[in-house]
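Structure first, commentary second.
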Amino acid sequence: MAFIRKKQQEQQLQLYSKERFSLLLLNLEEYYFEQHRANHILHKGSHHERKIRGSLKICSKSVIFEPDSISQPIIKIPLRDCIKIGKHGENGANRHFTKAKSGGISLIFSQVYFIKEHNVVAPYKIERGKMEYVFELDVPGKVEDVVETLLQLHRASCLDKLGDQTAMITAILQSRLARTSFDKNRFQNISEKLHMECKAEMVTPLVTNPGHVCITDTNLYFQPLNGYPKPVVQITLQDVRRIYKRRHGLMPLGLEVFCTEDDLCSDIYLKFYEPQDRDDLYFYIATYLEHHVAEHTAESYMLQWQRGHLSNYQYLLHLNNLADRSCNDLSQYPVFPWIIHDYSSSELDLSNPGTFRDLSKPVGALNKERLERLLTRYQEMPEPKFMYGSHYSSPGYVLFYLVRIAPEYMLCLQNGRFDNADRMFNSIAETWKNCLDGATDFKELIPEFYGDDVSFLVNSLKLDLGKRQGGQMVDDVELPPWASSPEDFLQKSKDALESNYVSEHLHEWIDLIFGYKQKGSDAVGAHNVFHPLTYEGGVDLNSIQDPDEKVAMLTQILEFGQTPKQLFVTPHPRRITPKFKSLSQTSSYNASMADSPGEESFEDLTEESKTLAWNNITKLQLHEHYKIHKEAVTGITVSRNGSSVFTTSQDSTLKMFSKESKMLQRSISFSNMALSSCLLLPGDATVITSSWDNNVYFYSIAFGRRQDTLMGHDDAVSKICWHDNRLYSASWDSTVKVWSGVPAEMPGTKRHHFDLLAELEHDVSVDTISLNAASTLLVSGTKEGTVNIWDLTTATLMHQIPCHSGIVCDTAFSPDSRHVLSTGTDGCLNVIDVQTGMLISSMTSDEPQRCFVWDGNSVLSGSQSGELLVWDLLGAKISERIQGHTGAVTCIWMNEQCSSIITGGEDRQIIFWKLQY
């Protein structure tokens with residue numbers, strides 16, 4: 001209904017809105033070329049002669065006369081039904097009525113349509129039999145040209161083959177476009193600079209309108225060839241918020257421009273004749289928008305949805321948009337799922353799983369008996385096989401739901417007729433039952449079922465939609481017993497869509513429609529295979545030489561529905577919901593979630609202080625800085641009370657700095673090689689450091705000496721972690737090792753027990769590791785850009801994701817353990833879903849990001865240039881750049897309350913940062 005509201009808004013603002021004519025009066029794939037003011041002469045030459053004033057429209061397949069008086073019907077004469085076309089009075093016919101200056105055009109035909117009499121939207125009336133109509137143009141000098149045009153179009157309409165008809169009409173259209181160009185006088189400002197101009201068609205539901213596209217340094221223009229519905233459509237580039245490349249007829253020819261963030265309907269949809277023209281225009285607008293608008297991907301929206309920052313409804317709208325679904329293209333209208341299974345109860349129980357449809361199955365597989373019949377036919381079918389002959393979304397299905405608010409669109413689609421009364425959208429329950437039991441009915445729903453506008457359920461236009469077999473007239477849609485009104489029905493449908501059950505299972509439906517079960521063997525296994533022509537890449541129209549075959553295929557593509565563009569090729573992650581106590585499958589991943597403090601919803605994870613700190617992270621200010629090392633700082637750890645700061649450096653020293661006295665208290669050297677990281681054991685009695693000399697050193701703070709040395713690797717140790725008496729060490733020897741570290745019986749004595757529990761082998765050097773909150777999962781980053789997620793309960797590799805083009809600098813789990821963030825020398829910040837291993841967000845900076853801390857939504861990273869960058873992952877943007885070090889930021893520490901931050905850098909400094917509240 002978004003396109004209906006858009007049209008109504010435009011009509012309210014424009015003088016031409018009083019016209020009854022619209023492009024919907026044309027046949028599908030028909031063009032409107034020109035109009036002439038004229039009189040329709042009735043009873044020419046008799047005493048009863050009278051004139052009806054109006055406009056004569058010349059179209060590629062018909063002649064349409066729109067009387068000025070709404071009491072008179074619009075007249076549509078198909079050119080294929082014309083017997084003779086000529087100037088009135090030629091060949092002796094009615095010659096004595098023809099004056100020298102007559103502007104008469106005579107049409108003799110066998111069939112005529114009468115439309116919108118008294119401006120009432122109703123099925124077209126048809127009159128058959130040989131008739132002659134005479135139209136007298138206001139400009140007599142135009143008669144000859146108009147007659148010549150009509151004769152040419154008549155020849156095209158009478159060709160035997162549909163492909164030949166289309167080819168000839170296309171040639172006529174292209175000739176007209178070639179003889180015209182964009183009128184530069186239509187520029188908003190004389191100083192505008194023209195960037196490019198090309199031919200295109202403006203796409204609206206069921207119709208296209210050819211013309212010229214022009215883009216300048218400030219505006220995008222479209223000038224229709226026929227001047228309808230207005231001389232020029234103008235969009236200010238500064239107002240553009242979103243722009244998408246579109247498939248049109250499975251061809252890469254479409255471009256859709258939005259001037260709003262959330263509106264379902266765009267400001268203009270253009271179809272180009274050449275892909276290069278589309279790409280050039282897209283590039284120009286995208287370049288203009290680059291510094292004004294953040295670009296969103298399916299992965300970035302997924303992250304927002306998982307985190308609860310997008311509702312299920314909003315997420316589905318975004319996925320539809322990214323998958324080429326548009327309200328301007330009814331063959332690719334946004335598709336939404338049936339959610340509710342119960343349409344018979346008096347009360348709707350959203351706490352009962354039985355209330356809901358099984359979202360893991362396509363509609364065609366919900367009925368077991370029907371599915372068995374379909375599978376039998378599928379097995380017997382020659383290649384290419386398909387299970388369902390009709391699609392889950394098509395122009396017919398969209399208008400089936402919207403006929404009460406979009407009757408003219410239905411009449412356009414069905415050649416001037418409404419559907420049989422018993423086959424119309426009469427009842428929610430009947431429609432659902434037919435989707436379950438019908439032999440060829442597998443349709444899903446549209447966004448309107450989860451919106452706020454009830455008009456598609458109510459016959460507010462008082463349309464005569466026919467009488468059913470039982471004698472009742474088709475009127476408002478019959479609602480289920482649990483809905484007291486259309487408003488109540490939509491509200492409960494929205495509640496169902498946003499329910500916990502749907503939130504926990506919506507990813508299964510996304511897998512079918514937008515994801516990995518859409519194509520290939522996974523689609524076969526999910527009983528989700530449709531006709532090949534519905535899929536992108538199913539046919540190359542440019543390779544088809546037979547014009548009839550090409551037109552037939554294009555017609556099938558446009559009229560029988562198209563499968564959305566595939567957005568995901570791996571299983572879609574689940575949503576994080578407050579009710580998420582355990583996942584349905586049993587795995588170590590689930591065990592880690594059960595033990596994790598991230599078990600609750602994301603909002604429950606953060607205490608008030610953490611939330612306050614991250615909300616003000618962009619206000620970070622440099623408080624104090626100290627140069628305490630001779631080389632780059634590599635690690636920072638702080639005592640629990642915050643008084644002592646321990647740092648490691650490439651100068652091979654561990655240093656202890658007093659925050660209170662602001663003085664260096666100790667400097668310890670274990671070898672002549674760099675130290676790479678450090679951490680404090682619980683109790684603040686021992687510091688552990690890793691070294692490039694292949695060892696891990698234990699230092700007793702109380703006794704001021706090296707307590708123990710673990711010689712466990714064959715190359716430099718790059719990073720260490722500790723949890724629950726277990727040491728995790730990463731090394732350039734391509735391993736991560738897990739050790740048990742039994743505490744010493746007496747403080748200061750040596751640790752004698754370092755048992756190797758597991759060895760996680762890699763193909764290349766490991767540069768960084770991190771544990772999740774429960775220490776059941778470990779993530780490692782390698783020299784060649786691979787991020788690996790390990791299950792520590794079984795010491796097995798869960799996922800290996802090659803997501804960086806250089807060294808992985810740092811990795812960390814989100815507080816709820818559901819995502820991993822990684823940074824690299826390639827400047828990328830990548831977010832990975834732990835359950836599926838899917839890369840769900842990737843942002844890029846112009847320099848390497850060496851280290852970071854994050855809360856799941858925002859990231860504070862240290863860059864190669866010395867800046868601290870604040871990233872908004874959900875908004876996919878850099879929120880703030882904060883000056884700090886004079887060299888690369890190499891390490892960053894944040895306390896548990898997120899109130900204290902310390903960074904170290906290649907400039908040999910440690911910097912204490914202050915949050916401004």
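A Cβ is built for glycine as well, from the same backbone N, Cα and C atoms used for every other residue.
Keep in mind it's a predicted model, so treat the numbers as computed, not measured.
Here is what Swiss-Prot records for this protein:
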- 176-247: domain 'GRAM' (DOMAIN)
- 189-286: domain 'BEACH-type PH' (DOMAIN)
- 290-575: domain 'BEACH' (DOMAIN)
- 628-658: repeat 'WD 1' (REPEAT)
- 670-700: repeat 'WD 2' (REPEAT)
- 712-740: repeat 'WD 3' (REPEAT)
- 761-791: repeat 'WD 4' (REPEAT)
- 803-833: repeat 'WD 5' (REPEAT)
- 884-914: repeat 'WD 6' (REPEAT)
Original post:
How many of the residues that make up the repeat 'WD 3' (712-740) does DSSP mark as helix, as strand and as coil?
Top reply: 0 helix, 19 strand, 10 coil
**OP:** Restricting to the repeat 'WD 6' (884-914), report the mean pLDDT as a whole number.
**Re:** 94
Subject >> Listed stretch, out of 712-740, 761-791, 803-833, 884-914, that has the most CB pairs under 8 angstroms to the repeat 'WD 1' (628-658) >> reply: 884-914
**OP:** For the repeat 'WD 6' (884-914), find every same-chain residue at least 6 residues outside the stretch whose CB is under 8 Å from a CB in it, and list them.
**Re:** 607, 609-610, 613-614, 620-638, 642, 645, 647, 649, 657, 659, 677, 848, 850-853, 855, 860-868
Original post:
Which residues, given as numbers and ranges, are at least 6 beyond the ends of the repeat 'WD 3' (712-740) yet have a Cβ under 8 Å from it?
Top reply: 673, 676-679, 681, 688-696, 753-771, 775, 778, 780, 783, 790, 792, 795
**OP:** Give the residue counts of the repeat 'WD 6' (884-914) per reduced DSSP state, in the order helix, strand, coil.
**Re:** 0 helix, 17 strand, 14 coil
Subject >> Long-range Cβ neighbours of the repeat 'WD 5' (803-833) (under 8 Å; 6 or more residues past either end) >> reply: 299, 302-303, 306, 573, 576, 592-593, 596-599, 602, 605-606, 767-774, 777, 779-787, 789, 839-856, 859, 861, 871, 873
Subject >> Residue counts (helix, strand, coil, in that order) that DSSP gives for the repeat 'WD 1' (628-658) >> reply: 0 helix, 18 strand, 13 coil
Original post:
What are the DSSP helix/strand/coil residue counts across the repeat 'WD 4' (761-791)?
Top reply: 0 helix, 19 strand, 12 coil
